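Trainee: According to TrEMBL, the feature active site, acyl-thioester intermediate maps to A:CYS89. For A:HIS384, A:CYS414, the entry in TrEMBL reads active site, proton acceptor. Summarising the annotation, TrEMBL assigns domain 'Thiolase N-terminal' to A:5-281. For A:289-427, the entry in TrEMBL reads domain 'Thiolase C-terminal'.
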Amino acid sequence: MSRAVYIVDGARTPFLKVRGGPGPFTPVDLAVQCGRPLLLRQPFAPEAIDQVILGCVNVIADEANPARVAALRLGCGAQTSAFTVQINCGSGMQAMDTAYRYIADGGGDLILAGGTEALSHAPLVLRQDAVEWLAAMQGSKDGPLGKLKAAARFRPDFLKPIVGLERGLTDPITDLGMGQTAELLAHLFGISREQADAYAVESHQRLARAQAEGWLEGELVPAFARDGTVHDHDDGVRPDSAPDKLAKLRPVFEPPYGKVTAGNSSQITDGACWTILASEDAVARYGLTPRAKILDSQWSALNPAIMGLGPVLAATELLKRGGLVLDDIDLWELNEAFAAQVLACLAAWEDDDFCREVLGLDGAAGRIARERINVDGGAISLGHPVGASGARIALHLVQAMERHGGELGIATECIGGGQGGAMLIERIANVGAAA
Amino acid sequence: MTMQDPVWTYLEDRNLTLGPRPVPSEGMRHWTLTRDAQGVAWAVLDKQGSGANTLAQEVLEEFAQILDRIDQRAPKALVIRSGKREGFLAGADIGEFRGVTDEAAIRKRIEQAHAVVDRLAALTIPTIAVMHGYAMGGGLEIALACTQRIAVEGTRFGFPEVQIGLHPGLGGTARFTHICDPIAAMSLMLTGKTIHDRQAKAMGLIDALVPERHVQAAVDAAVAGSLPQARQGVLDKAKDSAPARRIAARQMRTEAEQQAPSAHYPAPYALIDLWEEHGGDLDAMKRAEIASFAKLMLTDTAQNLIRVFFLRQTLKDLAGKTDAIRHVHVIGAGAMGGDIAAWCAWKGLRTSLSDVKPEPIGGAQARAAKLYEKIAHGDRLQVRDALDRLIPDPDGLGIAQADLVIEAAPEKADLKRTLYAEAEPRMKQGAILATNTSSIPLPELREGLARPERLVGIHFFNPVSRLDLVEVIAHDRLAPEVEAAARTFVGRIGKLPAPARSAPGFIVNRILTPYLAEALILMDEGLAPETIDRVATGFGMPMGPLELADQVGLDVALDVAAMLKRELGWALPDAPQWLADKVAAGDRGRKTGKGIYVWRDGKPVKSNSPDPDPELADRLILPMVNTAVAVLRENVSDDPDVIDAAMIFGTGFAPFRGGPIHYAQQRGIDDVLAALSALEHEHGARFAPDAGWEALR
């Protein structure tokens, strides 16, 4: 049994740049901020939702299984099951993909799926030797003297915490930071610092334009902090970004010769995104308006050191299975983890030998024009709350296709640890573009 | 977090530990008495025909029978518990105190009740009170006569007697000060406040605090004698010595005078006297308590406060029970709209809040967060859940989902009608549209509505979280079921509905305005605002008219006064120019930090002023009383009790006076009329007695 699955709606919070210290929202707070207005505009009650699936990488201690906590706080009711998925930068898309498969198989009709991440709340972690010292002290059975002896083994550097986020952005197998994997791709596909910076500038300009033109309307819902502050836009955008400014930045991951800088990498931000996926039955029952249909999805994997090429593998697989070629896809969202990494993906598809030897194509897959990819900016300008990004690019693809027209779109992202995810969607005509 | 879940719904009853399955006992309607396998007797109270357990005469008489059976059968221990899920015992049946006049008869009844409780206290077996939900007044006094007290988490405790002009009267003043720190015990009884479970444990009022699932284990421990008894420490005993009592009593009197002046409220002082004289001597204090309690019961203060207790009940009953409102949408996030939304969310309703701009919504949410943190007593989950239910909704999406849409926009009829024209077509079938207008007639607002029969007035008072009254305003085309649903909604959010007809100022503002106006006239006559306000507080108002005008907002007060003058052709002089200038300059009272007074940290800064002439009270109060009679005559409300209740719960009108109309009746209609005529003669037509007085004679 395989049933049609529709994206009927979706929304996200503004993506809020981490500015030192925990931001105003925890991961579940963000999911609630985004979910409340989304559910408020539905013709069904929150209790009508069959299941809630949420991607989240950095779960905080107070919010084990954030999907369930969010579902209950959103009023979905005690009887709605909820679980959290985690595949690093693909988590939000993994949530949608799981929902898609449940509905296709008849395991649900109406699923709330998305992702959330509050990187500003990523925990500080104690050093391993400090943890061992604490355990030894607490576990000492030799009375007060034993405890005192154990305590005496304290060293001041035990207090130096490790930023959990930094470890999370390092591949455990190769011990390469994510930025380093982008350096490697830049080297392998001959991406220059200038090209990467130029790409980053354009990302900012595109987002600034989308904000000014109101192209994010409906997708973006404001978030209200407890102190009353209204967060109503992606605040990492720098409309005045320019190549000469970016050129001054030092390479952060591999100085002095590296090409990847804070300016041409995705920003560290907090944010959440939900989508509502529905079966034909649910569409009919509640009188919903489908915006897009999910046609297929794909997860691929490769050497963690070149994780940035994940989208090339996953998206090509989707195309092959659908009997499609690169040019058949009207619009792309390829998550901007790093400018060099996006450009390396594009270069790979234009690389005759690579496409033949690795992707099993007859030759170069082709060229994706800049006008058809990341048309309203991406993670470089609006940030990359890792658990949320996968859902955001899928939702924004729908939103952008309604403006641009066209029939088919692919949202795809690279995933730390050496993976790639991709989702193929079809715009449901009669919505958007005509208006 | 409230969640409908069939599994818990099914299992919930199993959670309660009530001893062996109760079987009806012969000769008893309200109590059941069973004996468990260990030989422990369980006396469970489930008062018939009443939602809450009260210590009615019949309940106490049956309890005496229980004690007879305990004497005959000598169980190992006695457990006293409530069979009602909501709580333990709510105290005396106040209805039995109403309208009593015979001091000797009261004394006799109280002595009988004391005898029953003394028998409980004299039992030689362990006696264990198990309390949940609430334990108030007489109920708590029964518990205090037991050897041990176990409370289920979440239980609240209190002695609310002072609120009806009394003090505890079932041995509680003696036992409580004997068991706990006497100062802490006195303070609880003097304020009438409720305390939560941890506070009760800390002060030794209870010996154990357990979740429901450990009640049996705690009872077993108490029966076995292994549950430690909370008792007075050395320091507490020292506080109960005569010299210490003398010093403490003096301080208590000074503090009580701030809250409840002895001139109007005798009960706290009677309680302090009792303890100062007899503290430390359990039997003497119990005996003296009976006489003191009987005496207080006959005072006008107690009888009028008992009247207020029942006025509250009257309004509560007007609320009805069938509740269909689950989602409320509030249009307008200003001071009133924002606070109304915050209150609805606090009371468990999904509430969306819209405004033309998101910033005021953010401001309303920040105020809500502050309020919740204050009233949740550190329960951060309650705060989180209430904030989750309060949904900022800049696009007004909630209008389409709400069962009730409350408009709280600025007082401009055009603006309100424009908002209705946008909202009404988007509202759900069967949803209700309500306006929080304080001054615009509803017939004017319903123009252009497709369903005028579904527009109702739901008028809140500022500050929303503290004033219990909400006027429910009808008009001649309103559907009766919509009016009823509005009253039910008001009850659902823990407020008191006062039904009124749409007439200028409705009940409260109409009656209040001549009082505020007279205060301004007195100011123009050269009196200091502090002096004028002291006239009113001397009468028993919680705050004076000028402080109140600042609190309400001078701009709002001026608008309402101008509207009433216009609509009713009142013989009021125009508001003084200096006041209009003040408002124009942005000095609008508390909200702007400056009005008639300068406000600091939410309080007016007052300087010393000459004492007022007590004669002035009539000039301030009688315009209110006179207008209350007009409101009754014009049928804005046809029930004098509703009018009295509205003034007490909406403005704090001296509660021990029982409301403006009741005050006039108690003082004597002729006397009031004479005073009004004299004032009319001296100050003009605004004091002319209303035509409605005749009907009250």
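Each residue, glycine too, has its Cβ placed from N, Cα and C.
Please treat TrEMBL annotations as automatic predictions, because they have not gone through curation.
Note that this is a predicted model, so its numbers are computed, not measured.
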Trainee: For the domain 'Thiolase C-terminal' (A:289-427), what does DSSP give as the number of helix, strand and coil residues?
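Mentor: Helix, strand and coil residues of the domain 'Thiolase C-terminal' (A:289-427) number 65 helix, 35 strand, 39 coil.
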Trainee: Would you count the other C-beta atoms found within 10 angstroms of the C-beta of A:HIS384 (active site, proton acceptor) for me?
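Mentor: Taking every protein chain into account, the count is 27.
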Trainee: Round to a whole number and give the Cα-to-Cα distance in Å for the pair A:HIS384 (active site, proton acceptor) and the residue listed as 'active site, acyl-thioester intermediate'.
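Mentor: Computed Cα spacing between A:HIS384 (active site, proton acceptor) and the residue listed as 'active site, acyl-thioester intermediate' is 8 Å.
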Trainee: So if I measure Cβ to Cβ from A:CYS414 (active site, proton acceptor) and keep only same-chain residues at least 6 apart in sequence, which ones fall under 8 Å?
Mentor: A:CYS89, A:MET307, A:GLY308, A:LEU309, A:GLY310, A:PRO311, A:ASN335, A:ALA337, A:GLN341, A:CYS345, A:GLY420
Trainee: Tally every other Cβ atom lying within 10 Å of the Cβ atom of the residue listed as 'active site, acyl-thioester intermediate'.
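Mentor: Excluding its own Cβ, the number within 10 Å is 34.
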Trainee: Kindly state the mean pLDDT of the domain 'Thiolase N-terminal' (A:5-281) in the predicted structure.
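Mentor: It averages 92.
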